[in-house]
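Annotation source TrEMBL lists domain 'ABC transmembrane type-1' at A:79-267. Residues annotated as transmembrane segment in TrEMBL: A:12-32, A:80-103, A:110-133, A:139-158, A:184-211, A:245-270.
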Amino acid sequence: MRTEFLRSWKVRTGLGGILFFVLLAVLGPWLVDALLGVDPRANDTSAIAQPPSGEHLLGTNQFGEDVLAQTIAGARGSMFVGFLGAAVGTVMAILVGVPAGYFGGRVDAALNFVTNIFLVMPVLPLILIVAGYLQGTGLWVIALIIGLFGWSGGARTLRAQSLSLSGRDFVRAMQMLGERGHRLVFAEVLPHLTGIIASMFLHAMIGAVLAEAGLAFLGISDASAISWGTMIQSAQTQSAVLRGLWWWFIPPGLCIALIGTAAALVNFGVDELANPKLRTARRKTVRRTAAALEKTGSQA
Amino acid sequence: MSPDYVLEARNVSKHFTVRGSLGRSAVVQAVQDATVRLKPGQILALVGESGSGKTTLARLLARFYEPTSGEIALRGEPVAGGGRAARRAYHSDVQLIFQDPFGSLNPLHRVRYNLDRALKLHHPSLDGDARLRRATALLERVSLTPAADYLDKFPHELSGGQRQRVVIARALAVEPKVLLGDEPISMLDVSIRLEMLNLLEKLRAEDGLALLYITHDIASARYLCDDIAVMYAGQMVESGPKEEVIAAPQHPYTKLLIESSPDPERAAGDRDELFEGADELGEPPSLIDPPAGCRFHPRCPFAMTQCRSEAPPVTGLGDGHWARCWLHQHGRAGELARTTHAAAMARRAPQEVAT
């Protein structure tokens with residue numbers, strides 16, 4: 001079952017993409033330093049807003065900073081926010097959604113009430129206000145805000161799923177054996193939700209990367225930190241689109257799109273695992289079946 | 001009252017409240033004033049049609065929910081409420097086998113895990129090796145041999161009958177005194193039903209297990225059981241030794257049930273004759289608004305005026321056989337044996353039009 005998951009080309013491509021960006025995030029600053037030999041923050045006054053060239057592979061921006069160096073360095077910020085935001089959001093969704101669905105009754109009423117509040121709360125204005133209060137908005141704070149305000153939808157899904165699982169015979173049978181409550185939740189119910197949780201996490205990751213970019217675009221970010229969001233934001237404030245400096249905003253934008261695609265591809269694989277009806281036949285299986293049919297045909 | 005009985009349901013009722021979309025609520029009287037008694041080593045069949053409250057009664061006995069009124073007694077001691085420890089103690093004596101062997105095993109756990117958890121929870125003193133030996137012995141008892149082959153299987157690698165054996169092995173791991181079987185063979189292939197019935201019979205013979213066998217299949221009840229209790233619309237209507245109940249039903253509903261069940265010895269022509277003239281055998285009543293008096297009276301060909309207003313008392317017929325029907329109080333019980341349900345129904349039809 002586990003290796004089956006890795007056989008799909010979608011999953012392989014997606015995981016490859018995510019792995020690439022993770023490596024970029026981990027090794028990025030070192031790569032920039034060792035291979036390119038440029039400081040992403042260094043202002044090269046001799047090359048202001050230059051298009052891609054041999055010296056600056058992706059050109060330079062208005063401030064004479066190397067765009068390639070910035071894009072590589074920005075991966076760390078964006079991936080950090082993406083993973084931390086998604087992790088916080090997913091853990092919150094599990095902690096609120098699964099007990100609400102499993103225990104029902106008053107626990108459900110209380111947890112569902114909280115979920116509903118977060119669901120109807122206008123998240124963006126709220127983030128603006130919170131970010132305004134917390135004056136130093138580092139990437140940590142941004143990630144936590146994104147996670148803490150973005151779990152409610154996932155909690156609803158998990159609640160519905162565990163509500164249906166908790167009434168299933170195998171849970172009742174284990175209850176009747178006197179199984180402990182936490183084991184019923186974590187050993188009987190939760191493993192059935194791994195597919196949903198994995199896909200929720202990937203969704204949340206795309207969401208958090210996008211949210212970071214969006215927030216940075218609106219000016220809520222750490223101005224000194226480099227992330228794809230801050231790159232796009234500074235390109236926007238310097239009217240890069242109007243002035244045709246496409247090499248400034250396309251690389252970070254493309255990175256965000258690629259990471260979204262990679263996560264979506266893995267998600268397809270997870271979906272196929274959870275719902276075999278979506279699975280398309282593997283080419284090898286098709287060939288084997290056709291060969292077998294031919295063989296029986298010739299015998300008859 | 002008597003400690004002869006290992007498990008009793010004394011006059012239990014269970015009402016469920018259902019809420020409609022507009023805040024209207026209704027009460028479903030799923031089980032009304034039912035009494036069941038099980039002696040050690042006794043197999044009692046609980047028969048009735050779908051929706052008659054059999055499963056609710058089984059779940060009351062398994063303590064999935066508390067009765068609205070009445071009480072459950074284990075070895076003569078009433079049980080109610082109590083924390084997890086009390087429930088576990090209760091469940092170390094009473095275990096329920098679910099109808100659906102495909103649903104009652106977690107698809108993500110191996111056979112070994114299921115047996116191991118049961119042993120760990122109920123025999124905490126056993127160490128890993130002892131639990132493994134016990135699990136192997138349990139699988140052998142339910143004829144899953146060689147046991148080592150089955151321990152590491154996932155439920156989806158087993159057939160329905162094998163799964164149901166695993167479920168039974170898991171229930172036996174706690175060494176219960178009573179097994180409640182909620183239609184344990186109805187989801188299985190016809191070809192392996194007999195084996196399952198023989199397995200249940202073997203468990204009774206070897207361990208003196210008491211078994212409540214819930215079914216709507218009269219033939220399997222007749223094969224396995226000592227006694228039969230018939231439920232209709234949440235109430236017990238007749239109970240007694242199986243041969244007496246099947247050969248000479250003393251309640252019109254029991255008669256209908258027995259005549260409706262397929263009998264290979266009956267030829268096709270006989271069947272036409274048996275049900276001739278009766279297109280409508282009726283449907284079970286709504287349990288939200290059950291009929292007044294005897295709940296069977298709208299379908300009963302023998303119904304009298306009294307049946308519509310007053311609930312019939314229990315009439316003892318000797319040898320543990322009893323029925324809840326006004327016919328016995330009015331000396332009309334003989335009519336039951338002289339006719340078939342359908343014929344009586346056909347005869348009643350013109351009268352209905354007249355009144």
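Note that Cβ sites are derived from N, Cα and C of the backbone, with glycine treated the same way.
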Stretch-level contact, the transmembrane segment (A:184-211) and the transmembrane segment (A:80-103), CB cutoff 8 A, at least 3 pairs: yes
Beyond the flanks of the transmembrane segment (A:139-158) by 6 or more, those residues with Cβ under 8 Å of it: 77, 80-81, 84-90, 92-94, 96-98, 100-101, 111, 115-116, 118-119, 121, 123, 126-127, 130-131, 193, 196-197, 200, 204, 207-208, 211-212, 215, 220-222, 225, 227
Annotated stretches the transmembrane segment (A:12-32) and the transmembrane segment (A:245-270) touching (3 or more Cβ pairs under 8 Å): yes
